[in-house]
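Summarising the annotation, TrEMBL assigns substrate binding site to 23, 126, 346. Residues or ranges marked as pyridoxal 5'-phosphate binding site in TrEMBL: 101, 102, 173, 201, 229. The domain 'Aminotransferase class I/classII large' annotation in TrEMBL covers 36-374. What TrEMBL records for 232 is N6-(pyridoxal phosphate)lysine.
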Ligand SMILES: *Cc1c(COP(=O)(O)O)cnc(C)c1O
């Protein structure tokens, strides 16, 4: 290896290790003994055999892969059907399927923004939105988290003419709190700005129909650009943008991460269609999940655990420094519990946390085991 590269890789790795930020993967066994409170499979659909069957059937019918990008010959009837279902679910005229949420956000921001666009992002927005903003070359500002006053101040300081886009997560992925969609929409209307909401963690969970926090009840007039992902509550993979036909046509022309990539495997689209059928046919999954969240919070409060204020299945326990978070996560693992250990740069320094996620797939014993393990660790630490 040329020395410049050896040195570069070595130095970067050392800095990462020394800063306590080293990331390592561990092979996860979905049917293994660990109780999984780390994933985003909120409705327990990812391992539902009906999705697997739909996926296999889709693959047998159309092939394991789509074979080409959407604009060449990869756009299949199953993709078309899925886009229509997603548009109907969210109450939008049209929807466009992307292979991942990361690509949907990069593609949308890059297609909508250029050097003339003023872009305003919540400072806790998902990395894909922040990266998309950078890629787009827009003139970007970040407003304080969920702070309409700060957004208002930034909007008031920019010239009234020209295109302005405000972007927010619907449910914040590391905090679990929900954006004030009505407030954002109202602020945008007053300043003639467009609003884009990425509801990756709200879709399937929130809303009367599982249509998320900016779905049918909100509508395209207030949230003209809506992003949803299919790999979380819907248990499959991929993402979509929903909005006016003009928006979708624009993305088909200009969103490079849409144009220059192979369409998602048809079996995956078929599995998502099955997930959408179950979302409607089995609403008890959502009510059961909501009850779980309420019960977990009540019991955690009784144990003295200071959970972040969140009403969604994302229930963070902020512990402060990275080392403490890694220690807690390891001790929980020893007790058969898997939770997310989230450190900087994913969250700000000093706000490292356990990201505990609840799912309709959990049994009562799972929740009890989690609470017992957390309470034991907490007691150990208090007495130490
Ligand atoms: C997970 C996530 C994404 C990325 O979606 P993928 O389909 O996993 O690439 C985008 N936005 C938010 C808010 C997310 O939580």
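Heads up, the Cβ atoms here are built off N, Cα and C, so glycines get one too.
Structural mapping of features recorded in TrEMBL.
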residue : record                              : DSSP class
23      : substrate binding site              : coil
101     : pyridoxal 5'-phosphate binding site : helix
126     : substrate binding site              : coil
173     : pyridoxal 5'-phosphate binding site : coil
201     : pyridoxal 5'-phosphate binding site : coil
229     : pyridoxal 5'-phosphate binding site : strand
346     : substrate binding site              : coil
Original post:
Does anything in the same chain, at least 6 positions from residue 101 (pyridoxal 5'-phosphate binding site), have a Cβ under 8 Å from its Cβ, and if so what?
Top reply: 126, 128, 198, 200, 227, 229, 231, 239
**OP:** Report, in whole Å, the straight Cα-to-Cα distance of residue 201 (pyridoxal 5'-phosphate binding site) from the residue listed as 'N6-(pyridoxal phosphate)lysine'.
**Re:** 7
Original post:
For the recorded pyridoxal 5'-phosphate site formed by 101, 102, 173, 201, 229, which further same-chain residues have Cβ atoms within 8 Å of the site's Cβ center?
Top reply: 126, 128, 198, 200, 231, 232, 239
Subject >> Rounded Cα separation (Å) that holds between residue 201 (pyridoxal 5'-phosphate binding site) and residue 346 (substrate binding site) >> reply: 16
Original post:
Measuring Cα to Cα, how many angstrom lie between residue 346 (substrate binding site) and residue 173 (pyridoxal 5'-phosphate binding site)?
Top reply: 10
Original post:
When you measure from the Cβ of residue 173 (pyridoxal 5'-phosphate binding site), which residues in the chain that are at least 6 apart have a Cβ under 8 Å away?
Top reply: 126, 200, 201, 314
**OP:** To the nearest whole angstrom, state the Cα distance for the pair residue 23 (substrate binding site) and residue 102 (pyridoxal 5'-phosphate binding site).
**Re:** 20
Original post:
If you draw a 10 Å sphere on the Cβ of residue 346 (substrate binding site), how many other Cβ atoms land inside?
Top reply: 17
**OP:** May I ask which residues of the same chain, at least 6 positions away in sequence, place their Cβ under 8 angstroms from the Cβ of residue 102 (pyridoxal 5'-phosphate binding site)?
**Re:** 128, 131
